[in-house]
Amino acid sequence: MVKKKVATKKNSPSLAIAKKKSRSNKDVVSVEAPIISSYNDRIRPLLDTVDRLRNLNVMREGIHLPTIVVVGDQSSGKSSVLESLAGISLPRGQGICTRVPLVMRLQRSSSPEPEIWLEYNDKVVPTDEEHIAEAIRAATDVIAGSGKGVSDAPLTLHVKKAGVPDLTMVDLPGITRVPVNGQPENIYEQISGMIMEYIEPQESIILNVLSATVDFTTCESIRMSRKVDKTGQRTLAVVTKADMAPEGLLQKVTADDVSIVLGYVCVRNRIGEETYEEARMQEELLFRTHPVLSLIDEDIVGIPVLAQKLMLIQSSMIARCLPKIVSKINQKLDTAVLELNKLPMVMASTGEALMALMDIIGSAKESLLRILVQGDFSEYPDDQNMHCTARLADMLSQFSDSLQAKPKEVAEFLMDEIKILDECKCVGLPNFIPRSAFLAILSQHVDGIQDKPVEFINKIWDYIEDVLSSVTAKRSDNFPQIQSSIKRAGRNLISKIKEQSVNRVMEIVEMEKLTDYTCNPEYMTSWTQKTSAQESFIDAVVKNENIPDYFSVTGFGNVKISHLRKYHAHLLIPAFDMKMRITSYWKIVLRRIVDNLALYLQLSVKSLVNTRFQKEIVAEMVDPRDGGGVEKMLEESPLVASKREKLQNSIKLLKESKDAVAAIVDQNC
C-alpha cells in the first residue's frame, strides 16, 4: 500500500487549525444536510455578537469586525463552495452571478425545518430552499439594478438549518477584467475596489477560491490578497475542481508558490443533479480512491474539513479581536459623547441665547487678555501670529528704528539753518537765535516724519483686528449663524478705536511743533559736546581758506564747507549753534514720540480688552437695527444640526454595540 504524502501547511501561530480524523476511523463525522455539526456551543454566541455588530453597521464608525471574506476569479467555483457549505442553491449563470456583497449567516439548528430569509434595505424577506436563488436575484436587482452592474450595498442571507456550520462569510463578486454582456466599462475597478475594502482590514480572513485547472500564481484573486496580506497569515485557499485537474495538484499545494500560511483545502464541486449528501459521498470516494488525489493528506481535503477549519479560524479570530473591538467601541463612544457635549445647547428663548452670547464674548475676552496683555500664548502654541505681545513689540521696535533712521541730507551743510535765520531776522541784538527760527526748522523736521506714526498706529490696529476676528471666530465656532455679526461688530469697534488712536497720535505729533521743551539732561550734554568744535569750525571756514574743503564735525562726519566761505561769521555762528541744538533736541523728540505711542498703545489695548470689547460687542449684537444677532442664535445652523444628528446617531449605535458585546464579554471574563 502506498503511503500518503503530507501536504499540510504549518499552522499559523495566531490561528489554530483543526485536524480531521483519519478516514479509517469509524467515528468520522457523518455527512448531514451539507456537512457537519458545530465545533462547540461557544462559537454561536461569539458569532451572534459579531453579526449583531455587523447588523448595527458598526463598521461605519471605523470599527472593523472579524470577517471571512470569500474572493475568487470569475468561474473559479466560488459559488459551488458556498453552496456546499450551506446546502443551498445560489444564483448561477453566465457572467457575474454575485453582484453585491452577500453576507451569508449560517446557523446550526435542531429544528428539522430550515429557516431562510434575506435582509436588505431595512426589509426582511422570507424564502425557502427551492426559491432561494430566485429571491437572491430579485433582491440583487433591487439593490444593484436589473442590469449587469454591481453595488457595494450588502445583502444578508440567513440560513438556519440542521447540520450547517456556524459561520458568517461575505461573498464578493468574482473578479473579471473584461466587461461583457452589458457590464460597465469600469467593472474591474468597481469589483477590485470592493474586494480591497473588505480584505484590507487586519481583522479579515481571506478565503481565496482557486480552480485546480489554472496556475495559482496567475490568479487575480491571489495578486489582490497578497497586496494586503503579503505573508499570507490571513489567507486560506480552497482548491476547487480537483477532479478536473488532478495531475500536479499535490505539487501545487505542497510547493505553495503563493504563500498561503493558513493552508489549502482541496474540494470536489457538486455535479449536475447530485444532492449535497451524494456530492459529499462522491467527494470522499474521490480523495480516497483516486490514484493521484489519494496521495494528498486527508487533513486538507473535503468540504467537511473546510467547514471545520473555517469555524476554528473564525472563533479564534473573534476571541482575539473582541477585546480590541470593545476597547474601540468605548473609546469612540467617549469621543462622540465629548464632541456632542461641546456643541451648543439648542436655544429655547432669547434669554438663553443672550447667556450663550455672554459666554462667547466672556471666553473671547479671557483669550484676548492672555494673548494681548499677559503674553500667555499657551492657547496658540504653534501660531506665532497669535503671540501678540511679541508681535506688538516687534512692530514697535521696527517703528522706532524707522523713525530714528538718519535721513539723507538734501541741502548742503548749514544751508537750511542759514535760510531760516535770514527769514527770521529782526531788529535787535546780533548773535541771538530767534525762537521762531528754531521752531520753524523743528516744524520742518516734524513734517518730515508725521506720516510714520499714523502708519504705525493703523498697522497696529489692523493686526489687532485680525487677532480679535480669529479669537471670536474660534469661540463662536458652534454658532456659525452669528459669526458674521460678531465679526462685523468687532470690525466696527476696531474702526472706532483706530480713528480715536489716529487723532491722538496726530495730537502727539502736533505738540512737538508747538513747544520746544525737554527736561532730559541729555539735551544739554549733547549740545555742549557738539558746540565744543564751533570755534575751530568757524576758523576753518572764515580764516583758513587754504585748508581742504571738508571739515570733520562730531555727529556729522566730514562735511563740505567751501560753500560757506561767502557768509560772515556772525551768520555762521548762530547757524552752527542752531544746527547743534536741533540735532540734539531732535533725538529727544523722536524717542519721546516712540515712548508716547508705546504707552498710549498699552493703555488702548488694555482698555479694549478690559472694558470696551465686551460692552460694545454685546451692545451691537443685541441691537435689532444691526440684524439681531441674539435672535439668530435661536436658529441652529444646518452645519451644527447635521453634526448633532450625526453624533447622536453614532452614540446610539455605539451604545447598542456596547450592549451587544457586554453579555459575551461578561461570559468570557
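Glycine too: its Cβ is placed from the backbone N, Cα and C atoms.
Features as listed in Swiss-Prot:
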type: REGION; residues: 1-21; note: region 'Disordered'
type: DOMAIN; residues: 62-323; note: domain 'Dynamin-type G'
type: REGION; residues: 72-79; note: region 'G1 motif'
type: BINDING; residues: 72-79, 171-175, 240-243; note: GTP binding site
type: REGION; residues: 171-174; note: region 'G3 motif'
type: REGION; residues: 240-243; note: region 'G4 motif'
type: DOMAIN; residues: 575-669; note: domain 'GED'
Distant-in-sequence neighbours of the region 'G4 motif' (240-243), which means Cβ under 8 A and at least six residues beyond its ends: 76-78, 80-81, 209-213, 249, 266-269, 286-287, 290, 293, 301
Counts by DSSP class (helix H/G/I, strand E/B, coil) across the domain 'GED' (575-669): 86 helix, 0 strand, 9 coil
Cβ-based isolation winner (fewest other Cβ atoms within 10 Å) among the binding-site residues Ile175, Ala242: Ile175
Largest tally of Cβ atoms lying within 10 Å of a Cβ, found at which of the binding-site residues Gly72, Leu172: Gly72
Where Lys78 (GTP binding site) sits in the secondary structure, as DSSP reduces it to three classes: helix
Least surrounded among the binding-site residues, given as Ser75, Lys78, when other CB atoms within 10 Å are counted: Ser75
